[in-house]
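A short write-up of the structure that comes next.
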Amino acid sequence: MPSSSTDVDAIRNFCIIAHIDHGKSTLADRLLEVTGTLQHNQMTAQVLDDMDLERERGITIKSHAIQMHHKAGDGRAYILNLIDTPGHVDFSYEVSRSLAACEGALLVVDATQGVEAQTIANLYLAVEAGLEIIPVINKIDLPSADVEGVAQQIIDLIGVDREEIVEVSAKAGIGIDSLLDAVISRVPAPADHRSMPLRALIFDSVFDAYRGAVVYLRIVDGVLRKGDRVRFFANDKIFVADEIGTMGLKRQPNTVLEAGNVGYLICSIKDVKDAKVGDTVTLADNSAKERLSGYKDVKPMVFSGLYPVDSDEFEDLRESLEKLSLNDASLVYTPETSAALGFGFRCGFLGLLHMEIIQERLEREYKVNIITTVPNVEYRVLRTNGETILVDNPSKMPEAGLISEVEEPYVRIQIITMADYIGNVMKLSMERRGEYKNTDYLDTLRVNLHFEFPLAEIVFDFHDKLKSVSKGYASMDYEYIGYRRSDLVKLDVLLNGEPVDALSTVVHRSKAYEWGRKLCQKLKTIIPKQMYEVAIQAAIGSRVISRETISAIRKNVLAKCYGGDISRKRKLLEKQKEGKKRMKQVGRVEVPQEAFLAVLNIDE
């Protein structure tokens, strides 16, 4: 049934929002199966999670969209466009883009876990976008399910009536039909704006090696026809719509996309930067006056250097990053050089999970071996001459004498945990310079703790540590609140007096000594012994605050002296000592890749 002839009031655009592991992708699979979009023998777990990485980690990284046809109880045929969204804190911008393309949202909560931090964060995004929210309790068939307790949490959270909550088990296929009925009856149909000038919202784009950029969009106003000349608001470029259509499991070409529908557009976009996610598409000849609202250029929060292990692979790394950046509007990168690592790129990421995923995708999909430097945030530095600069690389931090003050980004964080672990979470937060704000009790067992943190303290391994101090129960979500002044210092690592720029970090003065000591000890275990002594020093400016020494490998030069005069032995030892001294002057210490990663897991 071609979507071109469909009545707008038979279309339902909705998405699924949930915390990680609450069964969102499995629920999407079940909906596809029940509506006949997928036959049972075509099923792979998590159909919409295309990347192996998504299936392996059990997370959704990209936004996906798929069209389903469903005959409701009233005998009418409906078109359901499901837009699957990521659930992790790093991808909240992807979530907001997908939400803007919908009219309704299924809020999925695990019956065994209850409401978690990410559930609340995504719920706020959905409420801001003005979506109709259908609460769904999933995994009701598990023995440990507490359906009534979780229902009460949802009622307290969004104020719905108990009978409005749909109970399902995505795995067992229970309650899916009643969920589809709820989508049809409760999610509003799109507004009928077919007569207005074309405005379409890009919520995702992927790169096809043969066709260029494939743009996924929601038609908000007007009609898009095959062969139309279209204009992108962000860069004012004009393209011809070579192919348009809707998305089933595969792309289904069509000749018309009307207001209210979701589809794709292929128009020979060669440069990946031209298809900006969040941009508005209009017709070149009958243009809309204003772009669609609510879109911002996404700002990276965490920065890290990516360098090829083999310097010959620099161009491969550049190409791979270019292709990745089309699929991922939030990846930012600029070339940089390092004395220790050669040529590479300074990359900006949304958060730590985003960084890990980009690294894994580079290694898996693009077969590039990379070394990563310590992740850090962007500091705002006021120099003594009154100039303000942004520093995203510790080695670019000016000398201490030239700095009048340093500001770092802060985030507001909410941590939901069992009441038993409040003490552990508080202790961890205080160690990380967190400022406690207040506590909300969700029920008798679970609390929502509010803190303000320097972003630098949580980009490292805070999430892992939080999970371990709460035995896996705590979940967190954060939002950026701005820059604040801090007493920060640049900590350099010197090997035999030579600074290694890739190991520099910016730390709070109160933690500098402890960090320097741990780092030197860690590097001592990783850097292999040389033919000469190697001094590892941590220094703030010219003041060394910690030192470890790797002793030299020594050949036994006295082995062939059987007995004999002591002065002969002394002469041989002195000669060896001179040789080592000369070596030390000309020798360069090879720093293995693990040393750059050591900084990431310094406590282990």
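Placement of Cβ uses the backbone N, Cα and C atoms for every residue, glycine included.
Going by Swiss-Prot, these are the annotated features:
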type	residues	note
BINDING	ASP21, HIS22, GLY23, LYS24, SER25, THR26, ASN138, LYS139, ILE140, ASP141	GTP binding site
DOMAIN	9-191	domain 'tr-type G'
**OP:** With GTP as the bound species and ASP21, HIS22, GLY23, LYS24, SER25, THR26, ASN138, LYS139, ILE140, ASP141 as its recorded binding residues, calculate the greatest Cα-Cα distance and give it in Å as a whole number.
**Re:** 17
**OP:** Would you count the other CB atoms within 10 A of the CB of SER25 (GTP binding site), including those on all shown protein chains?
**Re:** 24
Original post:
Near the Cβ of ILE140 (GTP binding site), how many other Cβ atoms are there if near means within 10 Å?
Top reply: 20
Subject >> GLY23 (GTP binding site): tally of other CB atoms within 10 A of its CB >> reply: 24
Subject >> pLDDT averaged over every residue in the domain 'tr-type G' (9-191) >> reply: 77
Original post:
For the binding-site residues listed here, ASP21, ASN138, which shows the highest count of neighbouring CB atoms within 10 A?
Top reply: ASN138
